[in-house]
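Novice: Mind looking over this structure? Questions follow.
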Amino acid sequence: MSKNTHSFQAEVAQLLHLVTHSLYSNKEIFLRELISNASDACDKLRFEALDNAALYEDAPNLEVRVAFDKKARTLSITDNGIGLSQQEAIDHLGTIAKSGTREFMSRLSGDQKADAQLIGQFGVGFYSGFIVADRIVVESRRAGLPADQGVRWSSTGTGDFEVETITREKRGTSVILHLREDAEEFLNGWKLKQVISKYSDHISLPILMEKEEWKEGEDDKGGEMVATGEWEPVNKASALWTRAKKDVTEEQYVEFYKSISHDYEAPLAWSHNRVEGSTEYTQLLYIPAKAPMDLWNRDHKGGLKLYVKRVFIMDEAEALLPSYLRFVKGVIDSADLPLNVSRELLQESRDVKAIREGSTKRVLSMLEDLAKKATAAAPAAAPETPAADGVTDVVDKKEAEPAASDADAAKASEDAGKYAKFYAEFGSVLKEGLGEDFANRDRIAKLLRFASTTSDAATVSLADYKARMKDGQEAIYYITADTLAAAKNSPQLEVFKKKGIEVLLMTDRVDEWALSYLTEFDGTPLQSVAKGAVDLGKLQDETEKKAAEEAAEAFKPVLEKLKASLKDKAEDVRVTTRLVDSPACLVVQEHGMSTQLARMLKQAGQKAPEVKPVLEVNAEHPLVKKLERDEAHFDDLANILFDQALLAEGGLPEDPAAYVRRVNALLV
Ligand SMILES: Nc1ncnc2c1ncn2[C@@H]1O[C@H](COP(=O)(O)OP(=O)(O)OP(=O)(O)O)[C@@H](O)[C@H]1O
């Protein structure tokens with residue numbers, strides 16, 4: 001192949017521009033990214049070589065070499081991993097294959113600081129080389145291909161890249177950075193070692209650099225460091241999760257997280273354990289502080305890497321955790337699984353089942369721990385009972401001690417905010433667990449937080465709610481709506497407000513579905529206030545009940561007429577005591593699908609059963625009383641009553657024009 005020029009995928013060109021302009025303040029991360037790619041390439045080789053040892057050729061020791069050339073102003077990162085074929089170089093170094101790329105691009109604002117944060121979350125990988133280089137040359141040969149099928153890829157990071165065939169004896173990849181003038185600091189052995197030990201110490205392969213010695217200059221001209229030709233490792237070269245906890249600093253845990261997740265922010269919590277017993281494995285699990293772009297997609301792969309006896313097997317091993325914990329990042333290293341385990345085999349393995357259960361429990365305990373810290377910081381709230389699952393020994397666990405200094409106080413308040421932060425990012429995903437993980441449903445339920453009629457923020461746990469229930473209250477009441485405002489102002493809440501009964505306000509898209517799996521909490525049923533007839537049980541006194549029955553009796557003839565008038569729209573019409581200020585509201589039958597969920601399904605283009613709601617009217621309301629007197633407009637009034645009830649809960653009348661006509665007729 002002669003030299004060919006290719007254009008970058010449009011997104012890459014855009015990203016490159018941003019990388020060079022936004023990540024400037026944190027230049028050195030390019031080295032972490034390139035070393036991490038080099039290490040991944042070695043992992044891939046080791047994995048492919050399980051079936052084909054010939055791929056090792058004559059170099060079975062996998063390693064990464066970092067070298068610089070002061071005169072040529074180049075810095076190179078060389079690995080003897082899997083390498084790239086010509087086509088792979090074109091495909092992988094010219095496009096971004098990651099899911100969520102488009103979504104990511106659309107969120108960029110043009111504000112460099114904000115965008116730099118976003119890019120950090122997205123992970124720029126290879127392209128980060130352009131932060132420090134104005135030209136990058138990649139020379140590579142894929143393991144197993146003949147020497148004359150090497151490839152040289154080069155680009156100045158603007159719109160195009162060039163690809164040509166070269167002969168390369170050694171398999172693997174060299175990334176050669178032609179450094180910009182202002183990146184000269186990386187032409188220094190000491191500086192490079194410092195950056196490598198900061199970001200890449202956990203890499204399990206040796207990262208080698210040439211040993212340097214001080215050489216005096218001639219004629220008193222001052223000396224300089226010169227390379228000796230001898231290579232020495234500059235990292236510890238033991239995978240971080242294989243080390244004892246006491247040998248790993250907090251900073252190293254954070255850096256390791258950043259390198260496997262490409263996240264900018266530190267994680268909220270982590271847990272590192274060696275599990276022994278019938279299934280042996282090491283787990284290092286992290287709870288991120290920020291949700292990735294495509295978390296909502298249920299096809300979003302899990303964030304766990306699977307190793308077997310320290311050999312990398314696969315990324316995104318979704319079988320290791322249930323889907324509702326897909327936000328968790330980390331590593332599982334199993335001592336029992338066969339090295340050639342495939343995704344399909346994983347699904348069926350009993351060891352994997354044990355790992356999955358153990359890791360699920362571990363994540364839930366981490367979350368309980370965070371939640372407990374939040375509660376400890378807010379003494380007014382009801383204390384959370386920690387789940388007794390026998391799982392202890394969480395690395396980041398610190399007993400809540402009285403803050404001894406300002407620093408401790410700051411740490412305590414930071415810890416206290418972590419659960420709220422977690423919940424804002426991942427609460428909706430966690431809720432999916434109610435429907436997915438029956439064995440842990442109670443633990444998940446304890447972790448849920450909602451807004452309520454006493455708190456706009458999602459801070460109320462079901463346990464808090466229970467602790468505040470009124471004497472005689474027999475259910476946990478909730479309402480689902482599209483928005484907090486719609487939930488708060490819903491007519492269905494009126495009687496609850498009047499009686500001072502707290503109602504949970506649920507506005508998450510998954511609430512209705514998820515809550516259908518949670519019929520009770522700690523022995524108390526959950527009851528939607530928009531479903532079925534309102535039964536306040538002991539909260540309503542005898543006189544109230546009697547008055548309501550009498551009103552319903554007196555209203556019967558009007559009710560019959562209303563039913564006839566609205567027979568196409570309403571399943572039934574009845575008198576209610578749940579309304580105080582509003583004339584009417586809609587409810588669905590006890591086990592029916594809420595009108596809100598039906599609407600959502602329709603919007604999503606899915607089939608939803610036709611739900612005819614029940615219209616409940618407030619016999620005391622002047623508009624309803626008017627029905628008794630105004631024979632001429634009865635039909636119009638009845639329809640307006642129904643349509644307004646629909647509007648109040650965020651719906652739209654079936655025939656909006658007819659609704660407007662009817663209202664106007666009454667207005668003039
Ligand atoms: N040293 C290397 N050896 C072999 N292939 C490489 C090397 N560096 C990069 N690649 C290939 O280029 C692709 C793109 O790399 P890049 O760092 O941009 O993204 P990534 O590694 O896939 O994603 P991320 O960095 O977010 O994990 C890699 O997936 C890999 O296939």
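In case you wondered, yes, glycine gets a Cβ from its N, Cα and C as well.
What you are looking at is a predicted structure, and each value in this text was computed from that prediction instead of being measured.
According to TrEMBL, the record shows the following:
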| type | residues | note |
| --- | --- | --- |
| REGION | 1-343 | region 'A' |
| DOMAIN | 26-183 | domain 'Histidine kinase/HSP90-like ATPase' |
| BINDING | GLU33, ASN37, ASP79, LYS98, SER99, GLY100, GLN121, PHE122, GLY123, VAL124, GLY125, PHE126, THR173, ARG343 | ATP binding site |
| REGION | 600-668 | region 'C' |
Novice: Counting Cβ neighbours within 10 Å across all chains shown, tell me which of the binding-site residues GLU33, ASP79 comes out on top.
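Specialist: Within the set of binding-site residues, the most crowded position is ASP79.
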Novice: For the region 'C' (600-668), DSSP counts of helix, strand and coil?
Specialist: 39 helix, 4 strand, 26 coil
Novice: Specify the secondary structure state of ASP79 (ATP binding site) as given by DSSP, simplified to three classes.
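Specialist: Assignment for ASP79 (ATP binding site) reads strand.
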Novice: List the residues of the same chain that sit at least 6 positions away from THR173 (ATP binding site) in sequence and have their Cβ under 8 Å from its Cβ, in sequence order, or write 'none'.
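Specialist: Non-local contacts for THR173 (ATP binding site): ALA38, ALA41, THR78, ASP79, GLY81, GLY83, LEU84, VAL138, GLU139, SER140.
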Novice: Which state, by DSSP, holds GLU33 (ATP binding site): helix, strand or coil?
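Specialist: Its secondary structure by DSSP: helix.
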Novice: When a 10 Å sphere is centred on the Cβ of GLY125 (ATP binding site), how many other Cβ atoms does it contain?
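Specialist: A 10 Å sphere around the Cβ of GLY125 (ATP binding site) contains 20 other Cβ atoms.
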Novice: Note the mean pLDDT of the domain 'Histidine kinase/HSP90-like ATPase' (26-183), expressed as a whole number.
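Specialist: Within the domain 'Histidine kinase/HSP90-like ATPase' (26-183), the model's average pLDDT equals 89.
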Novice: Three-state secondary structure of THR173 (ATP binding site) from DSSP?
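Specialist: The three-state answer is strand.
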